Amino acid sequence: MERPVKSIHGEWTSRWAFILAATGSAVGLGNIWKFPYITGENGGGAFVIVYLACIAIIGIPLMMSEILIGRRGRQNPINTLATIAKEENRSPHWRWLGAMGVLTGFLILSYYSVIAGQAMAYVPRAFAGVFEGVTADGAISIHKAIVSDPERLLAWHTLFMLMTMAVVVRGVQKGLEKSVRIIMPLLFIILLMLVAYGFNTGAPFHQSVDFLFATDFSKLTHTGVLTAMGHAFFTLSLGMGAIMVYGSYLPQKTSILKVSVTIALMDTTVALLAGLAIFPLVFANGLEPGAGPSLIFETLPIAFGHMAGGQWFGGFFFMLLVFAAWSSGISLVEPIVVWLVEIRDITRLRATVYAGSIIWLLGLLTIFSFNIGMTWTLFGMTMFELLDYLTANIMLPLGGLLIAIFAGWTMKRSSTVDELGMGDGWLYSVWRTLARYITPFAIVIIFANLIGVLN
Ligand code: PFF
């Protein structure tokens, strides 16, 4: 198997195009919907510190590893890993790591799309002024009315899948490169305005800052630590080959270190801003920070319902949230589509239809878990909770562990020096030490802690 010099699917037009596309993948529901609610569920500050540490120590080196593997293999994750393994005289079984990534993409998008659908349902409501003057109870019942109706959820889920497929069919460069350039700055501005609103709610702003940053480790459980690590993978889109595939379109000259740090910083900033926008509303309205997945759908409408121009503000906010989810959704399908195109030799259109239909169908599990299937549980979790736990807390960290081992141990030093293109100095040594020892060690310890091996 020869290693292609360019991906058959194309190349980003510039380093910034890649940064924006990868940031588009990273910034999504994970930052604005998931980060605040899991922080709330896990007691705040200590959880945030573990999450930030995981981004720095595990996330950045792993992002570099994924990009370097992707750019070296320039194919779908399965073939990329098989080709590089062959080149390095290693086992062809590494392809299974790619296969797990493709499977993870199916599972994540199946529930991601349903949540993005809920955000979409909020767009017309916000613009129509439904949230005007809304109380906490009112906001809760508006959200309940949406999630308790499977048909409504299905309609929005279908629309989100169709939107995602429509872009993937065209190839990522055309649609995506352009859209993220507009979406990301706008999202940033609206978030800042929401933070300013939170600051002025009258609720002690420092209560939210304390909640987010005061470290009380007694509140953090073993599962909380695992969730923090899992979220670091989820939010940076790591551990399943999405960034690997985006890396396969990266021009040869681009510095992998610089782009990785930039993406991680932008992603983290958005998550923290989302926290600073949401928690003041939670505390000012006597809501429960541990409310779970419904948190932002039940807090933000209160802010929009009481601020001047909130109707427009809210409408645009949910619209941008949908766009952010959209650019992430695209990156979840891309590895699957690229894989189907390459192994089945079918058109991009056909591959997108196959992948999209299966994901759409799988989405029913999540839809039902909010209403008629609320009681269908396994290991004490609803189908949605199970999919989320399995993918974010198990499959992504496991995939990340193996990717770090692949880049740090399976690939020769000379190959990684060559691909990273930052010489063989101390900076390279830092990356290599992190990839070889620290990242795998941290992931294994957190897993071991969870199953009680260390107690
Ligand atoms: N990073 C996305 C978010 O935070 O919403 C979710 C995601 C996208 C996870 C792509 C994994 C992935 F491959």
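The backbone N, Cα and C atoms fix where each Cβ goes, glycine too.
Feature list (source: TrEMBL):
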type: TRANSMEM; residues: 12-33; note: transmembrane segment
type: TRANSMEM; residues: 45-64; note: transmembrane segment
type: TRANSMEM; residues: 96-115; note: transmembrane segment
type: TRANSMEM; residues: 153-172; note: transmembrane segment
type: TRANSMEM; residues: 184-205; note: transmembrane segment
type: TRANSMEM; residues: 225-247; note: transmembrane segment
type: TRANSMEM; residues: 259-283; note: transmembrane segment
type: TRANSMEM; residues: 316-341; note: transmembrane segment
type: TRANSMEM; residues: 353-374; note: transmembrane segment
type: TRANSMEM; residues: 394-412; note: transmembrane segment
type: TRANSMEM; residues: 433-454; note: transmembrane segment
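Among the recorded stretches 259-283, 353-374, 394-412, the one sharing the largest number of Cβ pairs closer than 8 Å with the transmembrane segment (153-172) is 353-374. Looking at which of 96-115, 184-205, 259-283, 353-374, 394-412 has the most CB pairs under 8 Å to the transmembrane segment (12-33), the answer is the stretch 259-283. Segment contact is absent for the transmembrane segment (316-341) and the transmembrane segment (259-283), given fewer than three CB pairs below 8 angstroms at sequence separation of 6 or more. Sequence-distant contacts of the transmembrane segment (96-115) (same chain, six or more residues past either end, CB-CB distance under 8 Å): 28-29, 33, 76-82, 153, 156-157, 160-161, 164, 234, 239-242, 244, 293, 325, 328-329, 332-333, 335-336, 339, 355, 358-360, 362-363, 365-367, 384, 387-388, 390-392, 395-396, 398-399, 402-403, 406.
By the Cβ criterion (under 8 Å, sequence separation of 6 or more), the transmembrane segment (394-412) is in contact with the transmembrane segment (45-64), since 3+ such pairs are found. A contact between the transmembrane segment (433-454) and the transmembrane segment (259-283) is absent, since fewer than 3 of their C-beta pairs, 6 or more residues apart, lie under 8 Å. Here the transmembrane segment (259-283) has long-range neighbours at 15, 18-19, 22-23, 26-27, 30-32, 35-36, 39-40, 48, 52, 55-56, 59-60, 63-64, 67, 184, 187-188, 191-192, 194-195, 197-199, 201, 203-205, 207-209, 211-212, 235-236, 250, 289, 295-296, 299-300, 302-303, meaning same-chain residues at least 6 beyond its ends whose C-beta is under 8 angstroms from one of its own.
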